[in-house]
Amino acid sequence: MTEATIGTRRPSRRLWLPLLVLTAATLLVYSVSFFNGFVLDDEMIIVNNPQTLSLRNVPDVLFAPDLVKPYYRPLNRATYLFDYQVAGMNPVWYHGVNIVIHLGNALLLYLICRRLLSDRWAALAVGLLFAVHPANSEAVNWVSARNTLMALFFSLASLLAYLEGRLKGKTLLVASPLLYFCGLLSKETGLMMSAVFFVLTFFPLQEGEPRLSWKDRIILLSPYFILTLVYFGMRFYSLQGVVGTPVPASGVLERLAQNYHIIPQYLALLLYPADLTLFHKVPNGGLFSPFWHLAAMLFLTWMVWLALRSRNRVALFGLVWFAINYAPISNIVPIPSEQITERYLYMPAVGFFFGLGAVLSWILALATPRFAKAAVVVILVAASAVTVHRNLDWRSGLSLFSSGVRNDPESPGAHYNLGTAYMENGDLASARREWERTLALNPKHAEAMMQMGTLAAIGGDLRTAETYYLAALQAPSGETDPNKSMAHLNLGKICEKRGDLKQALQHYRLFMKAAPVTYIEYKGDTLRRIKLLEQKLIAEGATSHRPPGPAVGLTDIESL
């Protein structure tokens, strides 16, 4: 073997060995997730969504809104369509695809850090910590969260192509905007990369990267701008006429202030992910309630100051990445979700890992880095153990919501969802127990009232059922709350059964007005009921205050 041959093989080994280690660690930690089922919205978004079942729906996937959510994420939906053609509704395949995308993100993060950091061991440590970090478990285990995984995959791939292209030539600079566009088609948060690239044209991230003139910046950023306009054009065309679900929200200043309590909890999830749950709480206290939030914000401020003082490019870039990608989840613009959601941290957290890589590189440059390496190994083992344990919680809805109750026995949301899981498994007694506990914790929990009404109706006690449904409508957020629309539908059926046709018709119409797009199957049946009742009332000479004809429901159906 010649010396030249040895020289060419060693660099290859230095690259492929870390990639194999990353692959093995990721697959080992998430091996239990292959056997998890569909949970949460998976049934609605994937299993029972006709858009994901036939190749004939490819035009709808590309140029129509999602039937179950008012979003435009065609590339994400296309993967579900592909999944079904390959494996039907076998959840093993769907979870496998999510795990592979997460693995791809870990590999891309490693390759970027390998380019930016002075210590390659630090780059590998960052990739491994991202791969096995417990805070990422929700995004990986929930099949319907694939859009988050894909958005980060194309964002990191676009960034890597940009960094390579800035030093090696224009070919990769052409690939970067195309990968960015794929991120946009996966999830709206991919748009934040346009701000990242804008910053990078002013502050080069790599040694030897040439400075840009204003003309060069315009030329470099133009493809991203053009593809962003194309995306918004496609989005507008596809979503025209679609009205999103209204989101109850406080004033913008109050929402901004809530970040004082939200950011420390996200920071805690990254540094000490002990309380993994779907039901995080945002306290209503002031500056010192709880006190550790103030301490966390002071610590974060100190870390930002250190990064600015050090002028370390990677650390500063980590701050920029986190700030830009945190903006969409800061609730400045209200989003239809919980205020603190672990999967939403998946993309901003990459900024934390960039900063961590800068710190590790600095520590490993000291005279005695062995302690640091040993500490990283211990952290990796501990994080992997926590992630494996959390992955098991995602086995089914019952196990997932049971973990929520264990994490916080005082959470109304955890008890309510656990009751729903019990009902889906046919255990009505346990469902009743959980919903009663929900109402004990929150007497105005409208969804629990509706479920208790349903239990009463199943038992034949329509009077009690009616009482619960009416109480649900009186709970905060009003009669036209989409989440309460089923109360109107069930009240309509009760009124119709006892012969109160005018009242039944009123409730059916209110259901048609309030029901979200996901209730399309109920809307069709309700429209039929509206027409029949109108005909009966006309025949009896007692028509309602609204004239007969197409009925409110026709407009609602046509607007889907």
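Backbone N, Cα and C define each Cβ position, glycine as well.
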**Message:** Please identify the range among 401-420, 541-560 that TrEMBL labels region 'Disordered'.
**Reply:** 541-560
**Request:** Any chance you could find the range in 92-113, 148-165, 291-308, 371-388 with the most Cβ pairs under 8 Å to the transmembrane segment (314-333)?
**Result:** 291-308
**Item:** Number of helical, extended and coil residues in the repeat 'TPR' (485-518), per DSSP
**Value:** 29 helix, 0 strand, 5 coil
**Message:** Counting only residues 6 or more past its boundaries, what in the same chain has a CB within less than 8 Å of a CB in the transmembrane segment (291-308)?
**Reply:** 260-261, 263-265, 267-268, 283, 315-316, 318-319, 355, 358
**Asked** Are the transmembrane segment (371-388) and the transmembrane segment (15-35) near each other by the rule of at least 3 C-beta pairs under 8 angstroms (pairs 6 or more apart)?
**Response** yes
**Candidates 92-113, 148-165, 345-365; stretch with most C-beta pairs under 8 Å toward the transmembrane segment (177-205)** = 148-165
**Message:** Between the transmembrane segment (345-365) and the transmembrane segment (92-113), are there three or more CB pairs that fall under 8 A, provided the residues in each pair are separated by 6 or more in sequence?
**Reply:** yes
